Amino acid sequence: MSALRHVVCALSGGVDSAVAALLLRRRGYQVTGVFMKNWDSLDEQGICAADKDCEDAYKVCQILDIPFHQVSYVKEYWNDVFSDFLNEYEKGRTPNPDISCNKHIKFSCFHHYAVDNLGADAVATGHYARTSLEDEEVFEQKHTKRPDGLFRNRFEVRNPVKLLQAADSFKDQTFFLSQVSQDALRRTIFPLGELTKDFVKKIAAENRLHHVLQKKESMGICFIGKRNLEHFLLQVSVSDVSGGLLWAGAPVVMKPVFQYLQPRPGKFISIEDNRVLGTHKGWFLYTLGQRAKISGLSEPWYVVEKDGTKGDVLVAPRVDHPALYRDLLRTNRVHWIAEEPPAALVRDKMMECHFRFRHQMALVPCVLTLNQDGTVWVTAVKAVRGLALGQFAVFYKGEECLGSGKILRLGPSAYTLQKGKNRTRVAPEVSSDSPGLHPTS
């Protein structure tokens, strides 16, 4: 029966998705490979990286003897992912476009295309993750529309699928999948969930997939790649074409000629004595916890707060300065994957779990407090370094990824508390990373 199952596999032109398609083929499924083009630009040598990736994906399909399709979501990526990315940066937040891309593009646009246009019984990707469903259970799933209300009727989905961490904990990518919908997850297979990266490479080497095995692992912004972010945001521009803006052939309603973000020069100021240490091109380019490159200073200084009103970036010496540490945050309405929200959290209004706000960082024990609007307060058992507005707090209970929420408010830093400024109020939802620095955006 499994031989009749049609699985559409997303191919990126990399080794992980190639091996995912190979493993599906070995299971006897009818496999179709699809390459998504979501960004269109030339690299420094004038070569379009997306075209090279597309060629590599096509070659994978030739080797595996499976059909190949290409789809473009350039317009959707711009509207749903990149525009939000720019807006978040302008507000002084630290966005994660990889999480947004999975939510809006890979597990929405592509997912619907695979099911509605290609007749897929299931969709697959090369992510290192697992779900609580076996393959045959995935094929039996029916479409269930997500509820419009705040909380899902608990009888609506009797056996919700859970998102589980991969066997290879170092490569686990559930962090990036924490906003994926229940409906998409129910129809998804992750062939690499039980494998290590080394074993995946071994499979590729043994099956004539050398052209993807030799490629460097993709890093940086989803579909855009690893770039100098300051140069990318401030210098790259697009032009008016025939009276309307075209981005890779897709019309975009924006100013005819522009830079992504305009430079806004400001000062680096020491949080300890208010000394001006140097200047920068824009306060929004900096994330709490990162090292600030200040001309003329050899010793390291780190970003601890940002003042969007004045355009100043407050910095502190030492990588472990107390101004870098906080133990309290509030998210927007949390996207819960299996239960919305977890029964224990509804019952007790509080729940112990773990969270992380960066991929591959150690999980942090915390206590969640549920608010009536679906947002949560997150109290870390121990203060953590580098919390920033705009990041996603991703929650875990054992091996299960529960979901995530965007960080919109932060509690005072350990430095503020130590100085006796023990203000219990938390920063409003603004483009600042500490209380009281900015007016509301």
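Going from the start of the chain as shown, residues are counted 1 onward.
Keep in mind that glycine also has a Cβ here, set from the backbone N, Cα and C atoms.
Because the structure is a prediction, the values reported are computed rather than measured.
Residues or ranges marked as active site, nucleophile by Swiss-Prot: Cys101. For Cys222, the entry in Swiss-Prot reads active site, cysteine persulfide intermediate, with the evidence type similarity to another entry. Annotated ATP binding site per Swiss-Prot: Ala10, Leu11, Ser12, Gly13, Gly14, Val15, Asp16, Ser17, Met36, Gly126, in sequence order, evidence recorded as similarity to another entry. Annotation comment: Swiss-Prot describes 421-441 as region 'Disordered'. Marked as site 'Interaction with tRNA' by Swiss-Prot: His127, Arg291, Gln391.
Shown here: features listed in Swiss-Prot, placed on the structure.
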{"residue": "Ala10", "record": "ATP binding site", "Cβ neighbours (10 Å)": "24"}
{"residue": "Ser12", "record": "ATP binding site", "Cβ neighbours (10 Å)": "23"}
{"residue": "Gly14", "record": "ATP binding site", "Cβ neighbours (10 Å)": "20"}
{"residue": "Asp16", "record": "ATP binding site", "Cβ neighbours (10 Å)": "25"}
{"residue": "Met36", "record": "ATP binding site", "Cβ neighbours (10 Å)": "27"}
{"residue": "Cys101", "record": "active site, nucleophile", "Cβ neighbours (10 Å)": "28"}
{"residue": "His127", "record": "site 'Interaction with tRNA'", "Cβ neighbours (10 Å)": "26"}
{"residue": "Arg291", "record": "site 'Interaction with tRNA'", "Cβ neighbours (10 Å)": "12"}
{"residue": "Gln391", "record": "site 'Interaction with tRNA'", "Cβ neighbours (10 Å)": "24"}
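Per Cα geometry, His127 is the residue among the recorded positions Cys101, His127, Gln391 nearest to Gly14 (ATP binding site). Of all the recorded positions in the record (Cys101, His127, Arg291, Gln391), the one with the smallest CA separation from Asp16 (ATP binding site) is His127. Closest in space to Ala10 (ATP binding site), of the recorded positions given as Cys101, His127, Arg291, Gln391, is His127, taking the CA atom of each residue. When the Cα of Met36 (ATP binding site) is compared against those of the recorded sites His127, Arg291, Gln391, the shortest separation belongs to His127. Distance from the CA of Arg291 (site 'Interaction with tRNA') to the CA of Ser12 (ATP binding site) is 32 Å. Using CA atoms as reference points, the recorded positions Cys101, His127, Arg291 were checked against Gln391 (site 'Interaction with tRNA'), and the closest is Cys101. It is 27 Å from the Cα atom of the residue listed as 'active site, nucleophile' to that of Arg291 (site 'Interaction with tRNA'). Under the three-state DSSP scheme, Met36 (ATP binding site) falls in the strand class. His127 (site 'Interaction with tRNA') falls outside any helix or strand according to DSSP and counts as coil.
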